[in-house]
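Trainee: Supplied in structure tokens, the structure appears directly below.
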Amino acid sequence: SKACILRPLEAPLRYLFGPGPSNVPPRILAAQGRPIIGHMHPEMFEIMNDIKRGIQYIFQTDNNMTIAMSGSGHAAMECAVFNTVEPGESVLVAINGIWGERVAEIAERMGANVHRMVKTPGGYFSNKEIEQVGKKHKPVLFFLTHGESSAGLCHPVDGIGDICRKHNCLFLVDTVASLGAAPIFMDKQNIDILYTGSQKALNAPPGTAPISFNDRACHKMFNRKTKPVSYLFDMTHLSNYWGCDGQPARVYHHTGPVSGFFALRESLAVIAEKGLEESWKKHKEVASYLYRGLEDLGLKLFIPERDLRLPSVTTIAIPDGYNWKELLAYIMKHHQMEMTGGLGPSIGMVMRIGLMGYNCEKVNADMALHALADALKNCKKSKA
């Protein structure tokens with residue numbers, strides 16, 4: 001029966017202090033609410049051109065092959081793998097949380113020969129290890145997560161691009177959880193393919209995913225023997241839709257998320273106005289403030305080395321004697337606030353608090369700490 005759909009839409013007002021999506025500022029919600037235009041109108045192409053420039057700025061790159069995927073971070077993840085790898089080719093994936101696991105599965109599904117380097121959540125890889133394993137497997141692509149949100153780790157990137165270059169391998173980096181919150185320099189750090197999502201520190205609604213390919217990646221991508229397994233994510237078509245292929249005309253491929261692009265453009269404008277360095281500084285400051293408050297509550301931070309912590313998503317070890325699901329349910333029920341448990345391999349190891357983009361304010365850190373303190377006081381400790 002249609003009775004349920006006839007009720008007015010209800011969506012609660014919540015404080016999204018988990019790993020994303022984040023709360024979206026009114027200015028970006030308003031941009032998304034503008035009247036729709038056609039996805040092939042010249043005005044839309046103009047907006048897409050602006051988005052491209054904005055992504056080049058936040059990625060710190062001059063790459064011409066810079067676009068936003070229609071879809072969330074996973075769309076960019078699949079696009080990167082599907083376009084640069086052919087069946088049977090060797091791919092090396094660094095796994096220290098859920099995102100490496102996902103990329104390994106995506107690469108296996110399209111027929112790549114996948115090699116995994118695995119650490120428990122919170123672990124990280126030395127450049128020496130990466131080079132040794134790389135020499136052994138001779139991959140065409142090496143994947144690393146910069147912002148491993150399931151563990152709260154921000155992985156060092158310096159020097160890895162040089163190693164990949166030396167061994168003729170493409171360096172693919174996931175910055176979905178870190179972009180705008182922690183410094184990354186695509187060109188300076190020799191990153192061949194970089195992507196992020198719209199819904200974290202960029203504080204736009206979920207649904208668009210910026211991605212950029214440098215000339216090395218383009219050379220591999222556009223000199224394939226086989227076509228990519230996905231038509232939707234095929235960069236020969238997408239590069240035309242985004243005006244990156246030098247062709248005089250853009251030809252219809254698929255309908256981009258027009259409202260999503262409005263919101264993404266506005267969110268890039270917000271970061272450009274504030275300045276990227278300012279955004280990095282703010283996330284670091286608010287995170288440090290949160291660490292102090294958590295330690296004052298007697299909680300233990302999951303990543304011991306401060307420099308390896310992801311500023312956007314903070315992980316705490318589950319406090320002894322508590323049921324983490326109960327704590328989170330209490331915080332949601334009594335404070336209308338989302339915090340989450342782990343994800344993938346970190347389930348049962350951590351609780352996660354995200355303060356990013358619009359939510360990255362000390363007043364929000366105070367609210368989160370207050371809610372946690374309340375939960376610790378009112379949730380029963382188990383005998384275990």
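Using N, Cα and C of the backbone, Cβ positions are placed for all residues, glycine too.
For reference, TrEMBL lists these features for the protein:
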type	residues	note
DOMAIN	15-361	domain 'Aminotransferase class V'
MOD_RES	Lys200	N6-(pyridoxal phosphate)lysine
BINDING	Arg352	substrate binding site
Trainee: When neighbour density is defined as the number of other C-beta atoms within 10 angstroms of a residue's C-beta, which of the recorded positions Lys200, Arg352 has the lowest density?
Mentor: Arg352
Trainee: Do you know offhand how many angstrom separate the residue listed as 'N6-(pyridoxal phosphate)lysine' and Arg352 (substrate binding site) by C-alpha?
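Mentor: That separation, Cα to Cα, works out to 14 Å.
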Trainee: Give the mean pLDDT for the domain 'Aminotransferase class V' (15-361) on the 0 to 100 scale.
Mentor: 97
